[in-house]
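Features of the protein shown, as given by TrEMBL:
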| type | residues | note |
| --- | --- | --- |
| BINDING | A:CYS82, A:CYS85, A:CYS122, A:CYS125 | Zn(2+) binding site |
2 protein chains.
Amino acid sequence: MTSRRNTIQKDLVRNTVYEMRRHVTANEVYEFIKEAYPTIGKGTVYRNLDILVEEGNLRKVEVPDGPNRFDLTLKNHYHVRCVNCGEISDVDMDEILGLLEKIHDTHGTDFLGYDILFKGICPKCQKKIKDGQIY
Amino acid sequence: MTSRRNTIQKDLVRNTVYEMRRHVTANEVYEFIKEAYPTIGKGTVYRNLDILVEEGNLRKVEVPDGPNRFDLTLKNHYHVRCVNCGEISDVDMDEILGLLEKIHDTHGTDFLGYDILFKGICPKCQKKIKDGQIY
DNA sequence: GTCTTTGCAAAACGTTTGCACGTGG
DNA sequence: CCACGTGCAAACGTTTTGCAAAGAC
């Protein structure tokens, strides 16, 4: 890895995640920037998101069966995904301590950390279900 | 949902996951079956895996940034993914109880459950690192 | 005979990559 | 100047889907 340059595109990506203040997907960032800066490439957005994560400016929230999300909050916290619409939100909960010490036998694996992903139904989708719009 | 039929293909998929006794991907199941039954379609494997999960015969282990896995073990347990090779293994740990009760404020979300995915380096990859084959 | 399931291929989806061109330091 | 970043399009790996033919009940 050699030295990193500052570019307009990188600033745009960082500022967009900052401005949107939620768990945005790479594509949402791309679409948002394209409004003001139509020539930006999708690859550039993906590359810069990864760089910003590597530099510790953003956190990547890896989501199975759906696009990954990026957010600003740097302290460790957990997420919940709406099983209906896929929206990701922060969970208001203290960090669980000592989880790795609860492992009985590591079977030789070197444990580094963990992610917890809660499943739930967000308020908007609860309303949709009640109104018979879905299910 | 209407009534389900028993087919050779569905049996093959169930038996393959059973025989392989690890966290297999849909593609691994497909390749394995193709040896003995070359005309099976990939779509059929995917469809049957989903059906078997729905019927409670298999569990789907959703993995971010990689293919989903399927396993047989039906009691609740957690998984660890090797950050190097992506292999999924079971974690030898008691189930964490009362996690949902630790949430301070649900913000209206209806919480249904959660998954924990540990990160680690499996023994094989530790050896590769020590031998200088990677990193 | 009817309705589900299959096999096949194409499409969908999120993401990565190759490469010629542009730009920051 | 020239290494690094960009824009564009094509490729990628996984999964889903449309549809005619085959098969279960």
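Cβ coordinates are placed from backbone N, Cα and C, and glycine is handled just like the others.
By a Cβ separation below 8 angstroms, chain B lies close to these of the binding-site residues A:CYS85, A:CYS122, A:CYS125: A:CYS122. Each of the binding-site residues A:CYS82, A:CYS85, A:CYS122, A:CYS125 was scored by the other Cβ atoms within 10 Å of its Cβ; the lowest score goes to A:CYS85. In the three-state DSSP classification, A:CYS125 (Zn(2+) binding site) falls within a helix. The Cβ centroid of A:CYS82, A:CYS85, A:CYS122, A:CYS125 marks the Zn(2+) site; residues of that chain outside this set whose Cβ lies within 8 Å of it are A:VAL83, A:ASN84, A:GLY86, A:GLU87, A:GLY120, A:ILE121, A:PRO123, A:LYS124, A:GLN126, given in sequence order. In the three-state DSSP assignment, the secondary structure recorded for A:CYS85 (Zn(2+) binding site) is coil.
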